[in-house]
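*Asks:* Just passing along the structure, written as C-alpha cells.
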C-alpha cells in the first residue's frame, strides 16, 4: 500500500492524479503538465507582462517533454475468474489486490520487488506476465496529474470566521443593501418539501471529515471508501497545511445538516453523504476506475471537482478502465437507471484553457458544470467549451463574495472557490429532483437540466437560440440551474425514449490545414434513417472524433455547424499549448444542438491561426474525422416542445403551482365576480315598449326594455353578466358558471373549475385545461397532492397505493414510501427485519449471510452492518481481523472495523502504533518497531535531542538512528 505522502510542493492546488501506459495497444495519452515552472506551473504575471512571457516560449519548445512516472501497480485482464487471476499473479511474482471495481475480468496486480516509482517502464522476468495465455491485456500504471478545481486565495480578499446561514447569499435574499440574487430557487424547492431524502451522494476527492458536526448526521459509511488507504474510513490526512480540505468543503455544500446550530445548510440537507478518498496519493487508471465503481446500486450521484491540469496545454482524459467504469455506471448503476456523474468544468480560464481538452467534462456520461459570479459575470477562472450543460454561482473577483461551507477540523469557511463549488451544488440540486422522482434515468436528468436551466442575468456575448428553441452559451451552457423548476418538472416527468447512437460520417481522406485560412469539410447524413435501432431524429450529444497532426497544437480552432445552423466551437486557441503531438482519436463533444433535427448537412471548420512566427512549410493535417450522433428516434417530450413547456412553467407563480395543503372550506375568500344585483325601474313609456316589441324567448314576465329584444328585465331561467358587462338571459349557464336557481343567476365557479355546483372551491365537478380534478376534495389543482398521482387521460388526481406516500403515473409506481415501507424498483415493500434483505426478484425478504447484521443481498460481501462479535474487513464481516490489522470502534457503527497496523508491525492491538510483533528487520521498542540498522553519525547531542523529544516513539525519526541512540542509553 503506498504511503500517504503529501504531493509535491508548488504554487498550485495539490495534484490530482494519473494516466497509464498500455502495453497491448502502445503508449497513449497526451503531453504532460511540466514546463519551465514544473508541474502545475501557472503564470501569474500582470497582464502587461504576458506578452514578454510569450516571447520566451520558443525557448521552451526545445525542452524535452516531462517523462511519465510508472508505479509498481498493474491493471491486468485475466480470463477464468478470481482464482485464475490469483494463480497467474503468483506464477509471475505479483500479488492480486482484487477485481477493479465492477469491471469483470480486470484485476489490480502489485509487485513488491520493482521500483515504486520510476521514469522507465519495468523490465525483468516478471514482465513475462504479458506472455501468459490467460492474460489478454495489461497496463503498468502511470501516475496521472489531477488537480482539485478550486482557485487560490486572493491576497486582497476578506475572510470571515462566522459562516452562517445569513452568509449564504446564493441561496437566499438577505442583503438589503445590494440587489438580491436567488435565481437558483433552492428555497422554493425546499418549500415544496424536497430536501434530498432517500438520495445518496458521494464526493470523489481527498476524503471527507465524517465526524464534522455538520456532516456527521447525514454521513453514510456505506457510500464511503478510502481507495488510497484501502480501508473504509474516508477521513482526510491531516497536516499543517490543511491541503486535504477540498472534499470536506464539497460535501458540506451538498448535505450539511440543517437546524443544528452549526455552520451552514446543505442544498440537500436530508440526503445521505459519503466520500471516496482517492486524490491523496498516486492516481492511476486503476484508482479512478475503482472510485467510479464503488457501490453503483447504492450511490445515486457521484460528484467530482477535479481533472487534468488546467494549465492551457494539457490534453488528457480517462483511461481505458475509467471509461469502462463510466459505461458500467450508466448502464447498470441505480438498478439500470444509470449512475449520475457531475463534474466541475475546470479553472484554466486565466491560462486560456478550453475544457474540451479535458476528457472528463467532455464526456456524454458526465454533467459538466460551469460557474458565474454573484453579479452574473464570467469568473476569471472559467473555461469555455461546448460540452458545458449548466451553471451555478461561485466566487469571482476579490471584491465579490465566495461560497460558505464546511471545513477541516470541524470548522467552517467562507472562502470556497472555483468550479469546485459548482459541481457539488448541482449534485445537491439533482438530489432534490431524485427525491421528487426516483425513477429518473441519467439521461432524464440531463434533459431536465437543459429544459429548466435559464440565462437569467448571466452576461455573455455568445448567447444564441439553437434550432430547437434552447438558449445556450459556451460560457454557461443552458444557463443557471433552477431547483424549483427542476423538481416541478421531475415530479411529472415521463422517461425519455431509448438512446440511439449513429455514426453519421467517417472521413479518412487526409487534408492539409492552410495557414490563416479555413479548412471546411462537410458530411450529408440521413442520421441512420435506414436502421431503426440506430436512427436519430432528435439530437442530444454530438461527438466529433478527430486525428490531427500539427507543429503547434495551440494554434488550432475547430467549429462544428449543424444542419439547423447552430455553430459550436469545439476548440479555441490555447497560447500556452506548444505541443507538436496534435490530436489522436480525440473526441470533442457539444450539447449546443440539443433537441435539433439530426438529418442534413454538417460542416466541420478548422482554422490554423499562428500566435507566433512559424515555418509556413510545416502545415497541419486533418488525418481523419468521424461524426457520432446521440439522441432519440421519437420526440423526447411527446406532445409538447421543451421550449414551450419551459416558458409556461416559468410563467406560473409559486402559489399557482403549489398543491393545496388541505381541503378548502366554503367560507374562504373567493375570486371576485363582475356581477351586480339588478332591479328593473319603471320608466315612462316602458309599458308601450313592452306592448309594441317582441322580447327574446328567455325574457321573463316583465318583458324587455330594448333597444334589443334580449335586453330583458328578468329571465325565465338564468341571467348572465351585469349592468357593466351587458346582461343577457340564457337557458343553461356556460362553462365556468353554475346556475343559482333561487336568484335565477349564473354565478362564476371558483378559479380552475370548468363546471361546479356552487361558488365554493370544494364544489368543482370538472376542471379547466391545465388543472386536475381532485375527486375526493372536489377541487381543481395544478399539481396533485402527496398520496395522489395525475391521471393524464382523465385529468383526475387518483389515489396512490396505500403503501405509497407519493407516486407517479400509476397507483403502485411509488417515488416515496410511507413509514414502515422501503422503495424497491418503484414499489413500496414492507421493511425487512434485521438480518434480512428485500429480494427484488422474488419480491420477499431473504436471509442475510450469517455474518451480517443488515445487508443488501445474500452474499458475504453484501453486508451493511456486521452481526454480533464480527468485524468489518475488506467488504466482509469476519470473526477476527487478519494479520497486520486490528479492530477499532467506529462512531455510528454497531460493529468494529479492521484497520491496518503501522507499516513495520506484523500485529498490533488497540491502535495502529501499538505494535505487538514486528516485521523482519525491525525490533520492538515499547509499542513501536524500529529498524535494526545502526548509524555512525549519531553523536551524543543528536541522540539527546531524539530521546528528549521522543522522536522515535512519535515515529518522526523511525529510520534515523533510533536503534543506535536508544541502545547507547
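Quick reminder: no glycine exception, Cβ is built from N, Cα and C everywhere.
Features from Swiss-Prot:
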ACT_SITE  205  active site, charge relay system
ACT_SITE  246  active site, charge relay system
ACT_SITE  420  active site, charge relay system
REGION    1-39  region 'Disordered'
REGION    658-683  region 'Disordered'
REGION    695-930  region 'CRM (Cys-rich motif)'
REPEAT    692-739  repeat 'FU 1'
REPEAT    794-838  repeat 'FU 3'
*Asks:* Where residue 205 (active site, charge relay system) and residue 420 (active site, charge relay system) are concerned, what is their Cα separation in Å, rounded?
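*Replies:* Cα of residue 205 (active site, charge relay system) to Cα of residue 420 (active site, charge relay system) measures 11 Å after rounding.
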*Asks:* Could you give the Cα-Cα distance between residue 420 (active site, charge relay system) and residue 246 (active site, charge relay system), in whole Å?
*Replies:* 8
*Asks:* What does DSSP call residue 246 (active site, charge relay system) in the simple three-state scheme?
*Replies:* helix
*Asks:* DSSP-wise, what's the residue breakdown of the repeat 'FU 3' (794-838) into helix, strand and coil?
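*Replies:* Helix, strand and coil residues of the repeat 'FU 3' (794-838) number 0 helix, 23 strand, 22 coil.
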*Asks:* If you draw a 10 Å sphere around the Cβ of residue 420 (active site, charge relay system), how many other Cβ atoms fall inside it, taking every protein chain shown into account?
*Replies:* 29
*Asks:* Taking the Cβ of residue 205 (active site, charge relay system) as the centre, how many other Cβ atoms fall within a 10 Å radius?
*Replies:* 31
*Asks:* Count up the helix, strand and coil residues in the repeat 'FU 1' (692-739) according to DSSP, in that order.
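*Replies:* Summed by class, the stretch gives 1 helix, 13 strand, 34 coil.
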*Asks:* Counting across all protein chains shown, how many other Cβ atoms sit within 10 Å of the Cβ of residue 246 (active site, charge relay system)?
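*Replies:* Here the count is 27.
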